[in-house]
Every structure is written in structure tokens, then in C-alpha cells.
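Engineer: What TrEMBL records for 602-867 is domain 'G-protein coupled receptors family 3 profile'. Residues or ranges marked as transmembrane segment in TrEMBL: 602-628, 640-660, 672-693, 714-735, 760-783, 795-817, 823-844.
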Amino acid sequence: VSPFTRVRMGPWLFGLYVMLTRFANMKLTPMESSTLLMPSENMTWPLRYVAKIEGQLILGGLMMIHERENKVICGPVMPQGGVQALETMLYTIDYINKNETFLPGIRIGAHILDDCDKDTYGLEQAVDFIKGSINKIDEGDYKCPDGSNPIIRHQVISGVVGAPSSVTSIQVANLLRLFKIPQVSFFSTSPELSNKVRFEYFSRTIPSDYYQVKAMVEILKELKWTYISVLYEESNYGIKGFEELERLLGLKNICIAVKEKLVKDSGVAGKQAYDDIVRKLLSKNNARGVIIFGSDQEVSEVMKAVRRQNASDHFAWIGSDGWSARALVSEHNKREVEGTLSVQPQANPVAGFDEYFLGLTVENNKRNPWFTEFWEDHFKCRYPGSPQTPYNGNYSRKCTGREKMTRNDTEFEAQLQFVSDSVMAFAYAFSNMHTDLCKSQKGICAEMETISGEELLKYLRKVNFRGLSGDTFKFDQQGDGPARYNIIHFKQVRPGEYKWITVGKYEDEELKLQMSDIAFKMNLQKELPSSVCSLPCEVGQIVQYVDGEVCCWHCYNCSSYQIVDQSDKTKCYTCPEGRLPNENKTMCYALPEVYLSPASGWAIGALTFASFGVLLTGFIVTVFVLHNNTPVVRASGRELSYVLLSGILLCYASTFVLILRPTNFVCGLQKFLIGFCFAVVYGALLTKTNRIARIFNAGKKTTKRPSFISPQSQLVICGVIVSIQVIITALWMFVSPPEAIHYFPTRKDNLLVCKASIDASYMIAFTYPILLIIICTIYAILTRKIPEAFNESKHIGFTMYTTCIIWLAFVPIYFSTSNHVDLRITTMCVSICLSATVAVVCLFSPKLYIILLHPERNVRQSMMPTTKYSAVRNNVSSSSQLRVDSATQSENLEMLEKYRVVIRVASSTQTSPAYCHIRHRSSQTTREMCAKLMQAATPHKVHKQVVKNGPIQDIPDIQL
């Protein structure tokens, strides 16, 4: 008994073997099947051959030497995937056995069978692999090529290489699992076989179709195909591949127009069935791309049906590894297959195999019992002495034996590397096991003889080697081969010459495709055709799906300010204010904030104006401070003048605040400042005009000094007036807190502004100052006829008239520029600066004129009013001095209190000369002069009146 002796099987396992054997023989007895196409009752078909190599460690092999045929068990010989795969296994075993250091003292043997690409027949053949495990082999089933009975030894199969097809591998794996025999397939790619709960002892050197399907989907994405059809074989290979393909296509929003099953046995379906499938494909005219997941026999029938339907140039195929690059498909259907892209597991030639295979003949290759059939099929002749088959009866020419295979007439299977790697995987597992268990001992040691298939499987899954192809190999966690694929393309390289060429790779789940090497039809269209149901909508269009199909739609435009909803491309989404659609109408981008920047032309003009005003105001303050005690400054009422200048300075400063980038703080500062600065200016002016008016009105009625005309009183009054503005502003800010907001006058504008500048609530800040302006203007009108010596009231009047004109122009401009905030703010700045400038020029330029240009007039005598009565002037020199003192009453009020005078003129004296003077000038100074004149005429009476009457009425400051 050979190594790896199986554990003694129980009666139930033996019974299972007997049942399987009888079941297989009952269904597939050679005699029953052979009668279908037998020209003679004496023909035996199929011939149950076995290819054997003697050795201590036996590997079983299950190859598809013959094609699948519906009328008989086995079809014609399969040159590439069958005979060449078998020879690759034998070649690799020879390579290992020649290397004496690889397995010292141990030879690997082989026991290779044919499954004819049928799962039922393959299962029957696989029963041989378990016979050694239950110590029973049915010797009567096999014959040697010379017709003699073979000598059968009870050898245990250590492992099995095969089967090629997934459906057969699934059947065989279920059987071998019961006997714990490891199995390594080289062409089975079904994702189902990665399930190690069901197929614990199954491994493969080829990657799972899971990765092949992913590569196909990546090709579709690269070609921009979104509407395709799928044909799949009615087998585990096709069904499982389609299920995974359908799942991935759904994730990538690629639609399936037509999906049809291909009957596993093409002959059973018939031409009509394939014609119907092609007609269904043609009914979806836009789905020109078709994925075929099947085997070469079924696909060959599809291509014939395409030719019958005159659709050879219509379809572009994406092929699976089960049929592409197979001569059965492309040899007689070149025009139909032209342009096909296919995913093939990446495989390199097995070093030295081509030369080995081309050197084989029937005479030097007796160990391959099927080589004679291959020879007859390759050279189309009948080899002398060969048994009759359903396929060599038509060969009239006899083979001479001197025929020779060449590269020109021999096409090699591209994936033989996986066959070689399967054998190498077992060999390295044996080698590693021998090293661990037998150390340096040659041959099979006692420890190795008792090892189980379970232990062998552990060594098998851990192998890592460089195979005869030059590629490194190791199994992944599921026992599958590495996911490396070539993208091949069937192309007409020259007129009439077709080849499969490599145009890309898929490795590490990344596709690399050379699109420039791909051509659909050489004579018609080099580029691959489009395969979409509906063309993509243009920018800014939404889709309306047709009958619920996600790949077929109509396109409709969104409006100018809408985008296509990226989460639901059937809806338009309106961009909110402050945002506009991007060029692709896929998202709304925020408009840049726009505000009155200090760098803008409007702002530069306003800031220049304000800066000039600040410098001018500063200059005036400096002059006043330097000449603080001069008569002109003192006569102007220094305290209120400084308050007035402070307000003017704040007016100019407000421009800088208004042009700052709006924030909540800046907006609050603007709210406070624009009203406060005017309240200070016009509060001071109102205090002045009110004082003048009260003094002269009181002088007409009484000589009693009016109340609250002292400097301190004036400051208090001014402060009260200004505080009202502060209270109004505080209440306003409490009710409507300052806030910087984004304002959108149009869909294309995003203005950052203070909220108060939009809703015109800034006018709340101006309401009280406007009231002050109106009152000041009224006072200016009332005091317009006071003596010339007090001409500041006239200057104030001119200031107020001009201010009214400015504000009458400002208000309509302000309200008409709501959509132009920069212009609105600039207008406000200019209006404030103009108002301040008018006050500066009208009220302070006369004083500066005297102080700077005529300092000789800056004395008390120059402050005295002139009179038309020169004669009187000489007689009242003392009174003139009194007027100068009175002009500076804010500092000399005590001196003025020494004089008392009253004018009580009876009706009889109204005709005196002095009366006209009093009536027309209405000034206290003039009344004093009249009193002097009257005293000269009636001294006692006047003196008595002077003694009797109270204090003299204070005269106002002499204004310049």
C-alpha cells in the first residue's frame, strides 16, 4: 500500500462507494451511449483510458480530454484545454522527478482520467481516486492501449489535480471531501468554490470569478457603457458568475437590457433557441455591448446565430475566460468575434513546454493514451492500428507517423501555467512535509507514511514558490490563486489576419487598459461602439426615467438659478440667496462677500474728504488752543466752540467707521456715532442760538439778566440735548440690536452690510439731529436782525440753511439707493462730511481770518460795534469801554453788575433823536448811549432812574 494510507473506512462509506459506482455505470454505460452515433455495434465509446506515471506519491488528474457532446458521452478531442493540459501535468511531474534534490528518493506518480467536460461523467471517473482509500479497484473497467488488462495496484491517491470546469469540480469536491483528499483545480473559477465550509479540501491556482467579474465591470466603466446585455451559461460557472455580475452592475448603475441563459449542452437547445436569443439582443438596439459568461461550445453556437441574423457587425462582446481565446469559438467565427475584449487570468508560458510538446509523436508518447486521437485530429488522418471513434471515420488519408507539429500549425492554450502550478503546489507541499518529518532521510519515512490528507492540506495551503512560468505563487485565505488578469482583445491586425493580443491588466483590483490598441471592426469602425440607453443629459438638465428603467430617460432643463440635485437627479434644486450654480450645475457656490472696501473708488473719495476735514478741524483746534485767551476766542464762547469742534471731528471720524468691514460691533458703533456726532454739533449750535435769542428778546422787555447763560449753564444745556440722542440710540439698539447681515438685492449680489443700512432704520439716528437742525434754523431766522456786532447768528443761520439743503438732497438719494449699498454708504459719508465742513467754514473761518491774517484786530477795541453816530461816539467813550467789557462778560460779569440802567421812555420822548436809534438798532449798547444823552438833558431824572432800577441787562458775546 502506498503512502498516506487512509483511515480504515466503515461499512457505510464502502456502501456509498458501491452506490456511486453502480449509479454511474447504470447511467453512462459505454454500450448504451455508444449506440447513438455508432456506425457499428462493435464500436466502444468512450474508450476509458488512463495516463499513468509510476511513483511513490500518486497525484490523480481529471482532464477534459474530450469536448462535451449531447448525443454521446464524449465529443471530439480537445487539443488545447485537454491534451495540452494533460501534457503540461506530465511535463511538470517529469521536471520535478528529474530534480533529485527536490524530493530525494521519492518520485511523484500520476493517475490521469478524462471527464469529457461533463459533471456526471467526471464524478464517475473520480470514483477511481477513492478506490485506494477503501482498498477496492474495479479492474475490469480499464484496458491497456494494446487491449490487455492492466496490472492494478492498490495505491492511494495523495491529491487530485482538476477538474477543469467548475460544475465538475463541485461534484468531485463533494466526493473527495468525504475521504479528505486535497484537490487543486487549474481552470475552475466559480465563486461558490471559495466557500471553505462546503469545499474544505478544494483549492485552485486560478483566481475566483469574483475578481473576473470585477474586472469586467471596470472595463464597462472605462468604455462608459451603461446599458448592456448578458448571456450566461446554465451551469454553476455561468449562474454564479452572472449573480455576482448582476450585483456589481447594480452598484455601478449599469443596466441590463437583456439577460438570457445558454443551455449547457448546445446541441439540446438547437438553432432556433440561439436565433431567438440573438433576436432578443437585437430588440434592444442601443445595448450593443454584450457580456457572455459561458463555455466555448455554447458561445460558438451564439456566434453562428449572430451570423444567421446578419448581425456580425452589430455587437461588441465582453468575454469570460471560459470561451475567449479558444479556437472552437474564434476559428470559424472570426468576423463575429472581432473586437471582443476578454478577461483572462494572467498566465505566462511554461518554460520549455512548447518545445517539449512540438517534439511529441505517437511513437515517443505512449504514456498518453489519447495522443493518437489528438494526432489524427491535428493532421486529419487515420493512424494505423488506432481504434475507431465517432470522429476519425471520415479521415480517408492514413497517417505516416512522420508528420511533425510546428508553431505555425499548432495553437497553444494560454493558461497552461495554472496546470503546472497545481502540480508544483503539491510537489512543494510534499517537499516541505518531507523536510519537517523525515529531515535528511531519503525516501518516505515512517512518519510520512501515516500522515493524513488533513495534514497534507495544511502544508498545501502554505506553499510559496516560483513556478515554471517565472511567476510567484501562493494561495490566498480562501485557497484561491492570486487575482491577476490580462485583458485580451481579438483584433484584425492585418486584412484577413486575426489575433488575440494583450491590451491591459487587472491586478490588485486596478484596471490598466490601453485604449489606443483597441479597435472594434477594422473595415467599419475602429472605435468601440457606444452602449447606452440614453445619452447623458447636458449641464443643468434633470432626468425623467422611462418606465422605471434607471438607464433610460428624457432630459429637462433646470432654471438659471437651479442645480441638479445630486442625491436625486430627477429634481432641480434652487440655490438659496447668496449662492449661484457652478458651471456644471452640480452645486451652489457661495458668492463672495461684497462690502464698501477702503480700496474702492467710492471709499477713497469719501476717506479723502474726511481726512481733509480731520486735518482742518485739528488745525482749528490747535489755533484756538494757542490763542485761547485772545478776545476773538473768548468772545466766541470757548466752551461751546470746543464742543462744536469735537462734534465736527466726530462727523469726519464717522466716515472711517462707516467704511469698515461690517461686524456686529462696527454696526453698533455706526448706529451710535452717526446720530451722536450730529447731536453734538447741532446741540451746541442750538444752545448758542437759543442764548442769543433769549438775551435779545429779554432786552426788549426787561433789564433783568436771563437765566442759564453762563458758560457752565450752556455746557449743561448742551449735555442735556446730546443725552437725549444717547437715550434714543440706546433704546434703538435694545429694540433692534446691531447686526451685520448678508443682503441680496439681486440673485447675483451678496452684500455684507449692517442691517440698519438696509431697512433705512439709520434714519432713526438722524431723526433727532434733524429736529435739532429745524429748531436751529428757526432760531437762525428769528435772530437774523440782531446788530452787526453779533453777526455769528447770521453765520449760524447760513450754516443751517446750507445744512437743510444738504439733507433735503441726502434723504431721497438714501432711499433711492437701497440696491446699491456702496453708493448709499458713500452718500451718507459725503453728506455727513459736507454738513461738518459747512459748519467749519461758516462758523470758524471768520475767526481764523482775524487770528491768523489780522492779529491787530484781535483786541477788545476791535470787538466794539460801530455806529452811524460819530458825534455820539465821542461823548460816550466811557460807554464804549463798557461795551468791550460787556463783550467779554463770560469772564467780567462782576464788572457789568456795577452798572444799572433802564430805559423807560414815555410817549412824549419817543420823538427824541435817541429813540430812533433805539428803535432801529434795538441794542443794549445803543440804549446806554441814549440814556447818556437823556441824562445830559435831564440829569436828575435819569440819575434817579439809574439808582432806582436794578442790574443792567447782560449783553451777549460779541461774535465775529
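Heads up, the Cβ atoms here are built off N, Cα and C, so glycines get one too.
Help me understand the surroundings of these features in the structure.
Structural biologist: Beyond its flanks by at least six residues, the transmembrane segment (602-628) meets 596, 638, 641-642, 645, 648-649, 651-653, 655-656, 658-659, 822-823, 825-826, 829-830, 833, 836-837, 840, 844, 848, 851-852, 858 of its own chain at Cβ-Cβ distances under 8 Å.
Same-chain residues lying 6+ beyond the ends of the transmembrane segment (640-660) with a Cβ under 8 Å from its Cβ atoms: 596-598, 603, 606-607, 609-611, 613-614, 617-618, 620-621, 624, 633, 666, 669-670, 673-674, 676-685, 687-688, 711, 714-715, 718, 825, 828-829, 832-833, 835-836, 839-840, 843-844.
Distant neighbours of the transmembrane segment (672-693): 637, 640, 643-644, 646-648, 650-651, 653-654, 657-658, 709, 714, 717-718, 721-722, 724-726, 728-729, 733, 762, 764-766, 768-769, 772-773, 775-776, 779-780, 782-783, 786, 790, 792-793, 796, 799-800, 828, 832, 835-836, 839, 956; these residues of the same chain sit at least 6 beyond its ends, with a Cβ under 8 Å from one of its Cβ atoms.
Long-range contacts of the transmembrane segment (714-735) within its own chain (CB-CB distance under 8 A, at least 6 residues past either end) are made by residues 637, 639-640, 643, 668, 671-672, 675-676, 678-680, 683-684, 686-688, 690-691, 708, 761, 764-765, 767-769, 772.
Remote same-chain residues near the transmembrane segment (760-783) are listed as 670-671, 674-675, 678-679, 681-683, 685-686, 689-690, 692-693, 696, 721, 724-725, 728-729, 732, 736, 793-794, 796-801, 803-804, 807, 811, 814-815, 818, 828 (criterion: CB distance under 8 Å, separation of at least six residues from the stretch ends).
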